[in-house]
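Feature annotations, courtesy of TrEMBL:
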TRANSMEM  A:9-25  transmembrane segment
TRANSMEM  A:77-98  transmembrane segment
TRANSMEM  A:119-141  transmembrane segment
TRANSMEM  A:161-182  transmembrane segment
TRANSMEM  A:203-223  transmembrane segment
TRANSMEM  A:264-285  transmembrane segment
TRANSMEM  A:297-315  transmembrane segment
TRANSMEM  A:335-355  transmembrane segment
Amino acid sequence: MLDYETLKVIWWLFVGVLLLGFAIMDGHDMGVGTLLPFVGKTDDERRVVLNTVGAHWEGNQVWFILGGGAIFAAWPLVYATAFSGFYWAMLAVLWALFFRPVGFDYRSKIANPTWRNSWDWGLFIGGAVPPLIFGVAFGNLLQGVPFHFDDELRSYYTGTFWQLLNPFALLAGVVSTAMITAHGANYLMIRTEGDVYRRSRTAAIIFGVLALAAFAAAGVWVMNGISGYVITSGNIPGDLPNPLDKTVMVQAGAWMHNYSVYGWAKLIPLTAFVGGALAIVFALINKPTMAFIGSSLSMLGIIGTAGISMFPFVMPSSTDPRSSLTVWDSVSSHMTLELMFFATLIFLPLIIVYTSWAYKVMSGKVTLDFIKNNDHSAY
Amino acid sequence: MISTELVDASRLQFAIVALYHFLFVPLTLGMTFMLVIMESTYVITNKPIYKDMVKFWGKLFGINFALGVTTGITMEFQFGTNWAYYSHYVGDIFGAPLAIEGLMAFFLESTFIGLFFFGWDKLSKNKHLMVTILMAVGSNLSALWILVANGWMNNPVGSEFSFITMRMEMVDFWDVVFNPQAQAKFVHTISAGYVTASTFVLGISSWYLLKGRDVEFAKRSFRIAAAFGFASAMSVIVLGDESGYTVGEAQQTKMAAIEAMWETEPAPASFNLIAGINEQEQKNDWSIEIPYVMGIIGTRSLTKQIPGIHEIKEHNREHIINGAKAVTALAALRKDTKNEALKAEFDKYKADLGYGLLLKKYTEDVSQATPEMIQKAVDDTVPHVAPMFWSFRLMVAIGTGLLALFATALYMSVTNKCGNQKWLLRWALLFIPAPWIAAELGWFVAEYGRQPWTIFGVLPTHLSASTLTPGTVYGSIAGFVFFYTGLLIVEMYLMVKFARQGPSSLHTGRYHGEAHAAGGAIPKHAPADKA
């Protein structure tokens, strides 16, 4: 029904939507986890913080799991190459994520302060490490990753783990961690009051400013110091996916190319700044819901900027540019893309409906009184 | 060439994380449904004791679920990190059910589990029950899609190899979904999960009854577990994996190994109850056989033959020889994709491509494979018999023991004698680990029995791994063992702690030991709560 080329673009958009869903939904839980040891000084305050996301973090985490599953199904070559290439980074994300289910569920089951304090730092790791590593990963994608394919399309990663931690990638890590933390702080303002609210507000402003400053710095760096990639022949959008069937060149300024061809694309980085600025202003004037919408918009802008700058590249190769993975040649078959397209079309709206219902049911401030009255059933 | 050491390390890692994950999955599958039963009873009868049951067993369920999720994320990562070539080669088909699982099932389960735990005061009784039901449906649908993916690994239907993209591609999604292998695995696995949860509740309830505390609570839990467990144990055995037996070559190889059937016998074959397996000489030194039974189980007839291991191997030898031609033709075709003659040559042998790839374990250029290499590849096509044979028998023995337990428990429960049959209560308590052992053995039989393939007949295991160094994989194994051991200790500690506290952990003031906390005297017959 839909032609292959269109489906490939749709799936690029879908992966973007999933990443954004992950950033907005699981992101606010991760931000809350990152802030937990700092905005909660007493045990009861920390329990307030935990219970703001208590009923939802589990469902939100599925955005992440679904993101992985969707990339596996729609972009199997990206999934295979990125996960095996970024081996230790992916394991670090995984192991950091280990602390979340057990941290949330086990922490308050025993009243020992050492036990609880340890899990609080576990939840901090589970909140701060994944966004940091994802940011670092994006920083590396923009610079190209050292990998190539052999004739049978087996991928070989030839870099090291430490190479991933270069200055630009670390800056991208700061962008990502700061935006997630600010977003979590905005969420905490919606659901808390008193001291926790005040500390969250301070965090929302500090990390909001930091995220925008780092994003601006990264933008200047990309414009002036990082070469992009250009397809010079082959790689016809409607063709069967074969990454080796093209030639690619490294070219200064290539990541700016899409903005000059498609004028409207400039709106995306603009959204990042406008959304981020609104979030800070609304936090200042104590309108947390609006601030949360602002930080969501800002993330749309930041993730969208990375995507549009690189389009149609998804994972460029620095050592063998023709092995670079693009929207056109890293995808699944026509049938799988179409099937998954309809599955998404049916289920994603349903997910949004019941998730909204769940939030509506659990809405309202989590108070210290609530924690004291539900000592044995709350987190 | 991928080194054998790397492949073995990757397999070891996969086995560790998968077996570990499978410690938590069966209980989740079954507990969600038991919670639905208990809560439905609460909504119908309006007796608070049933609400306490949902909350208390729900607490233990939550402790288990946390590790189920933790270890489940590993499973998703694992394919990409350690089995990258596999992910590329079959992601087009294998990835789809995983993604649909997320969309349709895992989201449902995970969203409503939050409301299950925290929505008691925010939702009406009926709405809360609906939440519990959706959580149970979600967890069971998850199992369906995962087993659709796994069933396809054993019986790769609805797909075809493309020489341009160098991978398997989907041609019929419904074939993949309604794969008889997948459906058989699904019913077998979820009923095994129901048995696991029933045994768990039955065993812990029995302990309370042995101690003579919280008797009303324990008896009611015992009764529900006995009834649900009996029905589930019946279905595990009746549905079993049997419906999958006659489908596909993977099952024939597996069945021959499970039954240690070296030679093709005249139909109907007899069943080796036990045997002295001699892998060296590829025969059984002795065996105790039951006539006819194997033929009936395996083919549901008295006339159809079941191929023995030797016949399967000879058959595979032809596949391998043809497959070598397919591999050679493919390499030529990749260099000149428009050449019709090369394409015709490849198409002729394409069906055996996977068998040709088996030779890559021994030589890079399979067209030069020696007869010795071919013999080795032929020998590889059947897994070691003894571990399959004994694991399967142990699994069946445990399953039978569980059925006997539940039949007895149900009888005693219906006749209202379950409270004072100490031998039955001890039996139930001792049998708590049994379904886990059976489930792990079942996993072993299914997955080890698929070797040397990741996708049966399509992609050999030794080609599926990522290009990592063995040291990297050993390093990550060490990390997993470290984390998983720590997590398991914590989980067991909490499980035991709350199981010992029993319903008093809800602090409703209605249960064992709580009178003391409220300032009253401890009833004489009740021992002090140690937890």
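Cβ coordinates come from backbone N, Cα and C, glycine included.
What TrEMBL says about a protein is an automatic prediction, not a curated fact.
Fair warning: this is a prediction, and the values are worked out from it, not measured in the lab.
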With an 8 Å cut-off on Cβ pairs and a sequence gap of 6 or more, do the transmembrane segment (A:161-182) and the transmembrane segment (A:335-355) reach 3 or more such pairs? no
Do the transmembrane segment (A:335-355) and the transmembrane segment (A:9-25) come close, with at least three CB pairs under 8 A (pairs 6 or more apart in sequence)? yes
Within the same chain, the residues 6 or more beyond the ends of the transmembrane segment (A:119-141) and with Cβ under 8 Å of it are 27, 29-37, 40, 46, 50, 64, 82, 86, 89, 92-93, 96-100, 102-104, 106-107, 164-166, 168-177, 179-181, 184, 218, 306, 310, 314-316
Take the C-beta pairs under 8 A between the transmembrane segment (A:77-98) and each of A:9-25, A:264-285, A:297-315. Which stretch has the highest count? A:297-315
Beyond the flanks of the transmembrane segment (A:9-25) by at least 6 residues, Cβ under 8 Å: 2, 59-60, 63-64, 66-67, 70-71, 74-75, 179-180, 183, 296, 299-300, 303-304, 307, 311-312, 314, 327, 331, 337, 340-341, 344, 355
